[in-house]
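For reference, the structure discussed in these notes is given below.
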Amino acid sequence: MATFVFSVYLTSSVGVGISGGTTPASWLGRAAAIAGLTVALLAPAVGVWVESPHRRRVALSVLTALAVALTCGMFFIHDRPGYLWAGLALMGATAACGDLASVPYNAMLRQLSTPQTAGRISGLGWAAGYVGSVLLLLVVYTGFISGKGSGPDATRGLLRAPLHDGLYVREAMLVAAAWLAILALPLLFVAHRLPDSAEVHEPTSMLGGYRKLWTEVSAEWRRDRNLVYFLFASALFRDGLAAIFAFGAVLGVNVYGISQGDVLIFGVVASVVAAVGAVLGGFVDHRIGSKPVIVGSLAAIVVLGLTLMLLSGSVAFWICGLLLCMFIGPSQSSSRALLLQMAKHGREGVAFGLYTMTGRAVAFVAPWLFSVFVDVFGAVRAGLGGISLVLIAGLLAMLAVRVPARGALAAEPS
């Protein structure tokens, strides 16, 4: 919803006519950077703090509630330039809450799986997220976005949401908030019945978490430097994958001739394809391991991205774009499963805190290279080269990571 609906509303409608020489899209990038920096600073402490299963549940509940409240707040962003700053603040804060919530959420994977089944369950989890995205995008498109026309009395969608003052988008964000709240309830209720770890954790404050974090990182570096190498490699290729989603709509509209309505439909189809890819990747992960899935997926994405850069037309965008999405799901889910496989037992929260922090710490690289390639070569399509460069760097770094055998991990206490 943020990528395909609200961010477009802010940059193409609310922010039109703002004073100064900075474009709304540039301000959107700055807001995302601030959100990323916030997550980079807080995620490690959150990871240490949620080592206790009880604290995981509390943190996940609070952050989910904040995300719902902030999404509801987007309803009050009117279609006037003065509301751009509030809209950007809401988007940044919502993104930060979502990223921070992923720390306790991902750490719960240990309670739901074994080292042998983590890849398959992670893949199914990613697929479920994509399916939810598909359903929500379809509801929003048919109910609030579809249709054409302008004027004070124009409406959009089957629910005839008023176009005036951006009400059609603002009402859609209320639906998104309700969607998140309702679908989060089963997880929050089930989380209270998950088995707790037998390991005893000493209470740790948020500020004390940073001191403990440094101790944990130093110990992890001495125990297994491959985990640190993997965190670096995954930060790079996850940044490239995020850039594909972030700039996909821009490329589709400005380079390949896709209309704004068709871009939303593409997002629906792409989510379905990514869900299928995540499920298939989870089963392949279960059979051959996480690293081969990640390496193979990244190689395919790089080849497809460079191929798309050389082609033109909507057909090329649809074919190459959907094939890209087929490999994005497996690379994401297997990355999470591999981190769980490499993390020391009982330290999943710390590992996923570092996982989030390192990813956000380099989140500026792919967007920056995208803009550099566009400026240097004078073409928007050249931005794909910048994204591909980040993915290639992540792929090469991933090749150097040595993964422990799953059989050895199975012997760890659970």
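Cβ from N, Cα, C; glycine included.
Annotated in TrEMBL:
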{"type": "TRANSMEM", "residues": "31-50", "note": "transmembrane segment"}
{"type": "TRANSMEM", "residues": "57-77", "note": "transmembrane segment"}
{"type": "TRANSMEM", "residues": "83-103", "note": "transmembrane segment"}
{"type": "TRANSMEM", "residues": "124-147", "note": "transmembrane segment"}
{"type": "TRANSMEM", "residues": "167-191", "note": "transmembrane segment"}
{"type": "TRANSMEM", "residues": "227-251", "note": "transmembrane segment"}
{"type": "TRANSMEM", "residues": "263-284", "note": "transmembrane segment"}
{"type": "TRANSMEM", "residues": "293-310", "note": "transmembrane segment"}
{"type": "TRANSMEM", "residues": "351-370", "note": "transmembrane segment"}
{"type": "TRANSMEM", "residues": "382-401", "note": "transmembrane segment"}
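When each of the listed stretches 167-191, 227-251, 263-284, 293-310 is scored by C-beta pairs under 8 angstroms to the transmembrane segment (382-401), 227-251 comes out highest. Across 31-50, 124-147, 227-251, 263-284, 351-370, the stretch most heavily in contact with the transmembrane segment (293-310), judged by Cβ pairs under 8 Å, is 227-251. Contact between the transmembrane segment (83-103) and the transmembrane segment (31-50) is supported by 3 or more Cβ pairs under 8 Å, counting only residues 6 or more apart in sequence. Sequence-distant contacts of the transmembrane segment (57-77) (same chain, six or more residues past either end, CB-CB distance under 8 Å): 6, 9-10, 14, 46, 49-50, 83, 86-87, 90-91, 93-94, 97-98, 100-101, 103-105, 108, 166, 170-171, 173-174, 176-177, 180-181, 184, 187-188, 191-192.
Long-range Cβ contacts of the transmembrane segment (263-284) within its own chain (Cβ-Cβ under 8 Å, at least 6 residues beyond either end) map to 3-5, 119-124, 126-131, 133-134, 137-138, 141, 145, 248-249, 252-253, 293, 297, 317-318, 321-322, 325-334. Outside the transmembrane segment (124-147) by six or more residues, the chain places 1, 4-5, 109, 155-159, 161, 168-169, 171-172, 175-176, 179, 183, 261, 264-265, 267-268, 271-272, 274-276, 278-279, 282, 329, 332-333, 336 with a CB less than 8 A from a CB of the stretch. Sequence-distant neighbours of the transmembrane segment (351-370) (same chain, 6+ residues past either end, Cβ-Cβ under 8 Å): 29, 32-33, 36-37, 39-40, 43-48, 99-100, 102-103, 106-107, 213, 217, 227, 231-232, 234-236, 238-240, 242-243, 246-247, 336, 339-340, 342-344, 383, 386-387, 389-390.
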